[in-house]
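Take a look at the structure below.
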Amino acid sequence: MFLIVQVCDFAQTSFSSGKWSELRMSAKTFWGILALLRIFWCLLPQTGYLHPDEFFQSPEVMAGDILDLQVYYPWEFLSSSPCRTVVFPLITSGITYWMIKSLQQLGMWSNGINSYTLLVSPRLLLTTFSFILDYSVYRLAPFWGADRWNALVLLAGSYVTLVFYTRTFTNTLEGLLFALLMVLVSPKAVGYGTDINQVKPTSSSLIGIITVAGFFNRPTFLAFALMPLLYWAVLNATSQHSIKTIANHLLKLVSSTAFTAIIFTAADTLYFTSIGSEISLYMTPFNFLRYNLNPHNLAQHGIHPRLTHFAVNGIMLFGILHILAISVGLKMLKINIHQLSWIRLHNHRSPTMLVLAKGNPTLLLFYFVPLAFLSLFNHQEPRFLIPLILPLVLLIAPQNRTLKWKPIIIIFNVLGALLFGCLHQGGLIPCLSHLEQLIHSTESLNHPAHYTLLFAHTYMPPRFLLSINKRDPLVEIIDMAGTEENTLCQTLGQLANKIACGTRETDKERTCHFFVITPGTVRTAIQKCGVLFKNETLIFPHLTMEDPPQISFLFSEKWRSQLGLYILQIDRNEQSI
C-alpha cells in the first residue's frame, strides 16, 4: 500500500500542469489497484472473523429462511423480541441466496449451495455497495476543498474499507446510508467556496427515505444524520427561496418519511407474525432502543468507559487520521475563538456566515458530533464508528501534515488489514469449510454418520456454512464459548462415553463422530482432561485475543500451534477416563 505515499504529496507542492496531470493519472491508477484488491480479497476470501453480528444478523437468518438450512436464530429475530428489521437482510443476503437457490432449481448450478458461495455471495454484494463510498468522495471532495483522487486513495487504502465495508454488518449499511445522505444534503455541481445563496438543495423526498431507512437499519443512524440534516436545513433557511418552496420541501420530507416507515413496518410485521396468529404491528427500531437504553441489558454485552470511542476505538480504526482530526479541531477551535472575539470588537459580519464559509468546521461537526452521541452509551465497539470514515477522509485529505505521517499510515493499514482480515479468529471459517466437506464427502453419503461438533474458546460458529438441511439433522453443535476448564472436561468426558450419538431412533444406527474445535492456546488444557484423540487437523492462522498466545511460545518451535485452530477427533474406542 505504498500508493498512499505518492498521493499525499499533492496537497503540499505546486507542480507544473504536466507534472500535476501525470500524478493525477498515477492516483487514478493507485485507486484502481486498490479497488481491484478490495474485490479480489473478497473473493479469496477473507478468513478473519470480526464479530458474530456479521453472520447472525443477516446471512445466518436468511440461509435458514430461504435455503432451509440448519441455522441458529439470534434473539433479535425471534417474534417474541424482534429488534432488527428484516428488510436489509432480505436485500443483501436474501437476494443472493434466492439467486443461488433459483439457479440450483433450474439445474444451472447443481452444487451452488456450499460454504464458499454462502460466505462470499453476500460479501460480494456488500463489496459492490461499498463503492458508494468512493462515489461519495468523488462527488463531495471538490465542495469540501479536497483533491478527488487524493481522498479516494486515502479511502481505498484504509483497512476499514478493505475489511469492514466488505462484510455483512449493519454498521456497513449504516456507513453507506450516511455517505448517501452527505451527498444528498451537499449542493449539486458546485465548487468549494460557492455562495450558499446560489445553492440548489437536493430532493427532500430522498433525504427522508434515506433517514428512515438508516433508522430502521440501526437507530444510532440518527446520531450520524443529525448534522447533515441540520446543515441541509440551514442551506434551505439561508437560501433565496420563497416560503412556499421551503414549505414544499418540508412537505416532501414528511411524506417520504412516513411512507418509508410504513413500508418497513409492514415488512417487519409480515415477517415476525406467525401464520394463523393475530397480527400486531412490529416497530423493530423502538424495540432496539428499549433494549439498549436499559443499562442491565448493555452490561451483558460489555461495559466500556465513555471515552473509549474517543481515546481507543477511533485510533484503532483510523490511526493517525483520528489524531490529526483532533489536532485540526483544536486548532480550528482556537482560530474561531479569536475570530469571534474580533467580530465582537469590530461588528464585521455574523458568526453564522463565518462558519458556513468554510468546509472544515462543518466536517469536524460531521465527525465529532456522532462520536460524542455514541459515547453516551457504555457499550462501545470499534465497528460502531466505521461510518465516520467519509467525513474523516474529506477532512484530512487537504491537510499537508499527513505528509510526514505517510509511513505510519501505510504500516498501520497493512497491519490492520492482516490482523482483522486474516488473523483474528481466522481459523474458524476455514474450519467450518473443512467440516462441511467432511460431512458431505462421498464416504459420509454412502455411510451415514452423525457428527457432534464442540466449539470451545472460539467465536460463535455460523451454522449455515455447514450447509446442512433442516430435514436431515446430521450435525449437533455444542458451543462452549469461553467456559471454564472443569466444565469443559466434564462435557468432553460425557461425549467420550456417550453410547448413542443422536436423539432419534434412526441415529442409533449411524456412526458417531465427535470433534472438538479449539485454539492451540487451549489445547494443552484439553489434553489434561484425559480424553484420547485419534485425529487432529491444524487450521492456520488463528489468533484469539480472549486466549492470546504467550510471547515466549511465539519464538519457539510451537509458534505455529499457538497461532492455529485445532480440530480434534475423540477416540471413543480407547478412553483413559
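Just so it is clear, glycine is given a Cβ too, placed from its N, Cα and C backbone atoms.
Since this is a predicted model, take the numbers as computed values, not measurements.
Marked as transmembrane segment by TrEMBL: 149-166 (among others). Residues 1, 3-4, 7-8, 10-11, 24, 27-28, 30-31, 34-35, 37-38, 41-42, 46, 48, 50, 123, 126-127, 130, 133-134, 137-138, 141, 172, 175-176, 317-318, 321, 383, 386, 389-390, 393-394, 396-397, 409-410, 412-414, 416-417, 420-421 of the same chain lie 6+ residues outside the transmembrane segment (149-166) yet bring a C-beta within less than 8 angstroms of a C-beta in it.
The transmembrane segment annotation in TrEMBL covers 173-194 (among others).
The transmembrane segment annotation in TrEMBL covers 206-232 (among others).
Under the heading transmembrane segment, TrEMBL lists 253-273 (among others). If one looks beyond the transmembrane segment (253-273) by at least 6 residues along the same chain, the residues whose Cβ comes under 8 Å of a Cβ in the stretch are 79, 82, 85-87, 90, 204-209, 211-213, 216, 279-284.
Residues 154, 158, 160, 360-361, 364, 367-368, 371, 375, 380-382, 384-386, 388-389, 392-393, 395-396, 399, 401-402, 405, 408-409, 412-413, 416 of the same chain sit 6 or more residues outside the transmembrane segment (310-333) yet have a Cβ under 8 Å from a Cβ within it. Per TrEMBL, transmembrane segment is recorded for 310-333 (among others).
The annotation transmembrane segment is assigned in TrEMBL to 354-376 (among others).
Annotation source TrEMBL lists transmembrane segment at 382-398 (among others). Listed as Cβ neighbours of the transmembrane segment (382-398) (distance under 8 Å, sequence separation of 6 or more from its ends, same chain) are residues 11, 50-51, 133, 136-137, 140-141, 144-147, 150-151, 154-155, 158, 160-161, 164-165, 169, 171-172, 174-175, 178-179, 182, 220, 224, 309, 313-314, 316-318, 321-322, 324-325, 328, 359-360, 363-364, 366-367, 370-371, 374.
What TrEMBL lists as transmembrane segment is 410-429 (among others). Sequence-remote contacts of a segment are chain residues at least 6 beyond its ends whose Cβ falls under 8 Å from one of its Cβ atoms, and for the transmembrane segment (410-429) they are 1-2, 4-5, 41, 45-50, 119, 157-160, 162-164, 319-320, 458-459, 461, 465, 517, 519, 539-545, 563-565.
Within its own chain, the transmembrane segment (206-232) has Cβ neighbours under 8 Å at 85, 87-88, 170-171, 173-174, 177-178, 180-182, 184-185, 252-257, 260-261, 264, 284-285, 288-289, 362, 365-366, 369-370, 373-374, 384, 387-388, counting only residues six or more beyond its boundaries.
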